[in-house]
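Note sheet for the following structure.
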Ligand SMILES: Cc1cc2nc3c(=O)[nH]c(=O)nc-3n(C[C@H](O)[C@H](O)[C@H](O)COP(=O)(O)OP(=O)(O)OC[C@H]3O[C@@H](n4cnc5c(N)ncnc54)[C@H](O)[C@@H]3O)c2cc1C
């Protein structure tokens with residue numbers, strides 16, 4: 001018979017990897033099951049870079065979690081020696097009333113976070129790669145920057161293994177059921193039992209969390225790499241910040257400094273302009289008309305882009321209707337199941353703190369972190 005575990009974690013991507021680490025570091029006997037190999041590209045945690053920032057325009061309630069996430073990212077770097085975070089600074093750009101600007105300002109003021117408000121002229125002077133409209137402004141935050149998704153996932157898996165977790169790759173869970181005081185999990189290879197189940201399914205949330213009643217929608221997103229005219233030097237992290245820019249038509253684009261050498265140029269993407277998909281049906285080919293639309297949009301903000309198109313890659317967002325996360329005990333199985341899903345395209349910067357919260361919920365039944373915003377009850381379909 002298979003050994004029994006304290007906790008089984010399903011999905012070893014961003015969130016599940018962090019959960020496996022935090023759970024095993026606290027002494028729990030952990031089994032992690034992952035559908036694909038370690039650090040793969042078929043979910044949501046690949047593509048070389050993710051924005052991180054503290055003056056959070058989505059809601060000030062995220063700020064304490066971000067402060068903790070920054071501490072845990074530092075520790076992850078120290079504990080593994082991997083390059084994880086680059087705090088090159090970041091500007092949230094647009095009209096003063098745009099969400100990136102007004103929402104970031106709200107969070108910065110509410111939490112006393114260091115920031116500067118810059119007008120368009122000052123932005124162009126300090127960051128010559130950016131040429132916003134004359135009536136755009138920017139909230140600059142020195143503590144913003146980027147984190148490396150693949151290195152983060154690899155670091156968490158490495159630490160989880162060091163703490164004794166059993167991590168099984170290419171072994172998807174096929175189903176689970178309540179069993180005695182805990183759960184029983186089936187795969188094609190075996191059946192495992194545990195006191196606690198943690199579900200971190202990413203874009204597979206619609207199939208793994210049907211009984212949650214949350215209408216998750218999965219979206220195909222594209223990341224683009226362009227070679228700037230004049231080379232990457234002005235785009236190195238010491239010269240070029242991360243940015244999110246809302247244009248006058250409400251379209252948001254964001255981008256990164258050049259961090260992977262001259263051959264990979266600089267990465268840019270649309271924020272929230274995806275198309276519905278499923279992990280099985282997602283179109284992985286990026287078409288010329290998509291590249292042309294991106295090239296046109298970035299050219300409006302960055303005079304030395306698009307330059308030359310280098311490559312593109314697809315990824316998935318798992319959206320909730322209000323774009324806030326779902327992190328909670330499962331309402332139908334509150335004694336034995338924890339869920340972390342619906343990260344709605346902005347979850348990566350929270351990966352370490354979500355790992356910590358999930359470990360609190362699974363091992364203690366509660367967390368001291370403020371997660372009221374992530375309660376699935378707010379989204380559950382009203383009974384007919
Ligand atoms: C293009 C793009 C840009 C983004 N930019 C940012 C950004 O700048 N800043 C930011 O903070 N966030 C960003 N995000 C969001 C962030 O990357 C995600 O919120 C985060 O990666 C989600 O992690 P996850 O663990 O939920 O999903 P994943 O990392 O995909 O992990 C889910 C895992 O579950 C596994 N799985 C599924 N079903 C099973 C099963 N039955 N059995 C076993 N395993 C299973 C999958 O194989 C997968 O490995 C971006 C996302 C994308 C796609």
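Note that Cβ sites are derived from N, Cα and C of the backbone, with glycine treated the same way.
No curator has checked TrEMBL annotations; they are predicted automatically.
Pulled from TrEMBL:
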type	residues	note
BINDING	6-36	FAD binding site
DOMAIN	6-361	domain 'FAD dependent oxidoreductase'
MOD_RES	315	S-8alpha-FAD cysteine
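Shown on the structure are the features that TrEMBL records.
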residue : record                : contacts (Cβ under 8 Å, 6+ apart)
6       : FAD binding site      : 23, 28, 29, 30, 194, 195, 196, 363
10      : FAD binding site      : 16, 33, 173, 176, 185, 197, 198, 199, 200, 201, 208
14      : FAD binding site      : 44, 45, 149, 152, 153, 200, 202, 343, 347, 348, 351
18      : FAD binding site      : 152, 156, 351, 352, 354, 355, 356, 358
22      : FAD binding site      : 355, 356, 358, 359
26      : FAD binding site      : 359, 363
34      : FAD binding site      : 11, 12, 13, 16, 167, 168, 169, 170, 171, 172
315     : S-8alpha-FAD cysteine : 43, 44, 46, 47, 220, 221, 222, 223
### Candidates near ligand 1 among the binding-site residues 6, 18, 26, 30, judged by a Cβ under 6 angstroms
none
### Query
So, in DSSP terms, is residue 18 (FAD binding site) helix, strand, or coil?
helix
### Summary
On average, residues of the domain 'FAD dependent oxidoreductase' (6-361) score a pLDDT of 97
### Message
Tell me the coarse DSSP state (helix, strand, coil) of residue 30 (FAD binding site).
### Response
strand
### Query
Around residue 30 (FAD binding site), how many other C-beta atoms are within 10 angstroms of its C-beta?
29
